[in-house]
Amino acid sequence: MDYTLTRIDPNGENDRYPLQKQEIVTDPLEQEINKSVYMGKLEHALHDMVNWGRKNSIWPYNFGLSCCYVEMVTSFTAVHDVARFGAEVLRASPRQADLMVVAGTCFTKMAPVIQRLYDQMLEPKWVISMGACANSGGMYDIYSVVQGVDKFIPVDVYIPGCPPRPEAYMQALMLLQESIGKERRPLSWVVGDQGVYRANMQSERERKRGERIAVTNLRTPDEI
């Protein structure tokens with residue numbers, strides 16, 4: 001099998017990622033104002049029920065690239081019990097999964113394989129980039145390592161760390177669940193708007209900025 005890795009031109013035409021034009025729009029719920037009270041409330045309730053089922057039954061695809069995968073599977077142990085979030089059903093096939101966790105270093109030879117696995121996943125699907133290597137290449141600023149998996153697939157949640165702790169992975173699942181709960185996808189092929197709307201989530205750094213600035217008592221360097 002021949003592997004190729006093509007750099008994406010954000011301003012050019014590309015039949016792969018991004019698979020559709022992405023732009024920031026106003027809240028899609030505002031269009032419900034123009035509908036009748038009954039149909040607007042009914043469609044809003046249907047979206048909430050569908051998103052509740054999706055966010056509480058996330059099936060991750062079982063594969064790993066490097067040491068971050070060890071931290072990922074640690075969250076499945078009884079100590080952390082990721083089953084509380086409905087994400088314990090590991091799938092051996094991408095066609096049965098809706099979450100891909102890129103855990104570890106993404107080498108240039110592995111990038112086309114990850115791209116193909118992502119294409120085989122059915123919608124709706126989400127991606128978590130776990131660890132510094134998956135986010136930006138980490139300390140491997142060399143020709144053989146892709147400097148971030150978001151160069152060729154869309155990423156929903158980034159987990160910093162080298163490697164991140166299992167608690168960080170579980171927090172990423174909670175953030176992903178929050179994002180899924182605010183999504184608006186077509187209820188069917190013929191009913192409602194056919195566009196996919198994803199909430200513009202605030203980064204954790206920005207969300208906690210005020211709380212961190214307000215801290216007056218700092219811990220000493222020898223404390224954990």
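Cβ coordinates come from backbone N, Cα and C, glycine included.
What Swiss-Prot records for this protein:
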BINDING   CYS67, CYS68, CYS133, CYS162  [4Fe-4S] cluster binding site
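Between the listed binding-site residues, namely CYS67, CYS68, CYS133, CYS162, the fewest other CB atoms within 10 angstroms of a CB are found at CYS162. The [4Fe-4S] cluster site is set by CYS67, CYS68, CYS133, CYS162; from the centre of their CB atoms, other residues of the chain with a CB within 8 Å are SER66, ALA103, GLY104, THR105, MET130, GLY131, ALA132, ALA134, GLY138, GLY161, PRO163, PRO164.
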